[in-house]
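Per TrEMBL, the features are as follows:
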type     : residues : note
REGION   : 1-27     : region 'Disordered'
COMPBIAS : 1-10     : compositional bias 'Basic and acidic residues'
TRANSMEM : 46-67    : transmembrane segment
TRANSMEM : 111-132  : transmembrane segment
TRANSMEM : 160-180  : transmembrane segment
TRANSMEM : 187-209  : transmembrane segment
TRANSMEM : 229-249  : transmembrane segment
Amino acid sequence: MSGTEPKSEAFEVAETGEPAAGRGTSSTSKKRCVYEQYVQPCLVELFATAMFVFVGCASVIGSVGIAGAVQPALAHGLALGVLIMVFGKISGGHFNPAVSLSVYLCGGMKLILLVPYVLAQISGGMIGAGLARAMYPADLYSASLGGAFQPMSSELAKCMLGEVMMTLIVTMVVCMGAVNSQTSTPGAAFCIGLIVSANIFAGGLTSGACMNPARAFGPAVVANHWSHHWIYWVGPLCGALLTVIKLQISIKYYS
C-alpha cells in the first residue's frame, strides 16, 4: 500500500512510510532505494505469507476430530493480524492476491509490484503448506487434506457466493481501514484479523472461508488436492473487484 497520488478527494491514499526517492546520488544509495522499494516488500510478502499459510494449515490439521471452526478461525485471524502489524510498514501486509488486486485498483500500490506480489504470495503459500506437512504425522495430514479446501459439491453456487461476499468484506476493511487516509485507523491490523476470524466462523462449514487464493493454492499443490479449486480464485477475485466498484461509486456520489 504505497503512497501514490490520491484518485479523488473522497478516497485518498494513506502514507505507509515508503522510503522517499532521491536519498542520494551515489550508486549505493540508489541500489538501497531500489531494494527497499521493490525487492524487500516482495521478500516480506513471501516470508509472511508462508508463515500465515503454515499457521492456517497447521490449525486445520491439528483440529482433526474437533467439531466446529474455533481453532482455525482464531489461528488465521490472530496470525494475520500480528503479521500485518509487524510487516505492514514494509510491504503493506497483503499476503493475499485478492487484497493486492483491490489495493492496486484503489491506488494504494504501484502496478510494477502487483505481479511480483502475487507470485511471492503464491510461492509463500506453497512453502507454508510444505512446512505444515513436514510437521504433522501422515495420518493427520491425510485426514485433513493438509489444510486444503473442500467445498460442498452439491452447493457450489452457494460456496461461490460465500467466497465473494466474505472476500468483499475483507478487502473493504483493508481499503477503508488501511489505504484510504480519511478512514484509516491505527487498529487496521486488528480489524483485518478480526474480520477474517468472523468470516471463518460464518462460512467455514460451507466453502471453508478461504478468501485468499494463496491460502488455497499452497496446500492444493502440496496435497495434490484440486477439487473445485477454481472457486478459491474466482470467488475472492470477484469479491475484490466488487469492493473497488463499490468504492468508486461512493467516490462519484460524494465528490
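Counting begins at 1 with the first residue displayed.
Glycine residues also receive a Cβ, built from the backbone N, Cα and C atoms like all the rest.
From a predicted model like this one, the values you see are computed outputs, not experimental measurements.
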Residues of the parent chain within Cβ reach of the transmembrane segment (46-67), under 8 Å, 6 or more residues beyond its termini: 74-76, 79-80, 83, 86-87, 91, 93, 95-96, 120-121, 123-125, 127-129, 131-133, 135-136, 140-141, 143-144, 146-147, 214-215, 218-219
Segment-segment contact (the transmembrane segment (229-249); the transmembrane segment (160-180)) at 3 or more Cβ pairs under 8 Å: yes
